[in-house]
Amino acid sequence: MEEIYVRHIELLGFEKRDYPTQHYVYMLMVKWSDLSEKLIYRTYPEIHTFHKSLKEMFPIEAGQIDKKDRIIPSLPAPRWVDTQKSTVTRQSTLADYCYALINLPPHISRCKHITTLFKVRPEDENPPAANTCFVKLNEIVMFYFSEISSPIILDTYRVIADFTKTSKQEMELHTGDLVEIVEKNQNGWWFCQGESKRGWVPASYLEPLDGPDEGEDAEPNYEGELHVTINAYKAEQEDEISLELGDTVAVIHKLLDGWWVVRKGEETGYFPSMFLQKGGKRENYEAERTTLRGQKPPPRRSTIRNAKSIHNRSRKQLSQDAYRKNSRRYLQQKGSRLAEPHRNSKNSSKSPLSERRNQDNIPELSGSSSESELKKEAPVIPPRPSPELILERCTDNTRKKVSIHKSRTSSNS
């Protein structure tokens, strides 16, 4: 299988963050060779560290042997003090560097070192929401590879209700507005762009133009996918579920609005996906918990007032009773399927004595009590063999002893 590689990068802007210390991160939309698109966040010092290691990996192409052979682009070192002004001025520099980097020969542009830098990380999927400041660019800087013949066409959605932003990186929405989706995050916060603004908005306030049903919603998986809660949540609606930190649950339905249906025991309910993490090492949970500081789950559609849809019918939505019934039925069917081979193996491994006993068509006793089950499974005592059969199968020494014993008995009588 061919390794995927970066084909396209779009520079969206940068954010100012105050945790753990004040710093700036660049927002990059990365498109891969498998046509997937991911929004990532990288600092300038991190990119420069990558640049130095790339030159060490390819010294000839970096001009370290002969300056005439250099094809790897230059990148100025970061300043000691990171300011908003320097971050703004570096955007064009970073744009030129990325353009030259991705147009290098394939043995460099598709190497693992580059794919590792632009690969999506857990902190990219759940970026910090508090104390951040999104600064949009006057012009969108876009880089296309020679393999891409046309720009990416973004999905257009319609706003069903007014949304008031609660932080600087979010975007105000008004009923009837049309927005383009740049990034669909599984936590239910989508990065959108309008006519003159950009920002994060809750997916529950948006609907596709073609129909009320979101075609990308996966079907329920009643087998379930094990996740661990990295944050406690107390249910606010009847169809939600309350969970504590560290609870293990099975995710049976992943929805794009960020509220997943989970199962714990026989109980099901909606739970914020941003508070879930796949089973793994403890340090991974701690890292995810750190990124959740100040973040809040997106509002659910059922809590939106005065929602105005252009579609005659609403989205299809299963009730929690249906989830519980379907889940219980699936687990029962799975249990019966697992028990069937076990019963068949018991029947197929009957002892020769049982088969001999059933040659005369003797019916086996049936009963529902545990006592009758124990009787059926009790081993069968074989009949004592006849003396003739013993003499036929015994050794010569045994046969002589038996004959001596018989002669003595007959003489005594």
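Numbering starts at 1 and runs along the chain as it is shown here.
Including glycine, each Cβ sits where the backbone N, Cα and C put it.
Nobody curates TrEMBL annotations by hand; they come from automatic prediction.
Not measured: the values here are computed from a predicted model.
What TrEMBL says about this one:
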DOMAIN    4-125  domain 'PX'
DOMAIN    152-211  domain 'SH3'
DOMAIN    222-281  domain 'SH3'
COMPBIAS  280-291  compositional bias 'Basic and acidic residues'
REGION    280-413  region 'Disordered'
COMPBIAS  298-316  compositional bias 'Basic residues'
COMPBIAS  390-399  compositional bias 'Basic and acidic residues'
COMPBIAS  400-413  compositional bias 'Basic residues'
Residues of the compositional bias 'Basic and acidic residues' (390-399) by DSSP state, where helix covers H, G and I:
8 helix, 0 strand, 2 coil
Please list, for the domain 'SH3' (152-211), how many residues fall into helix, strand and coil according to DSSP.
3 helix, 28 strand, 29 coil
Could you give me three numbers for the domain 'SH3' (222-281), the DSSP helix, strand and coil residue counts?
3 helix, 29 strand, 28 coil
With DSSP helix as H/G/I and strand as E/B, how many residues of the domain 'PX' (4-125) fall in helix, strand and coil?
51 helix, 28 strand, 43 coil
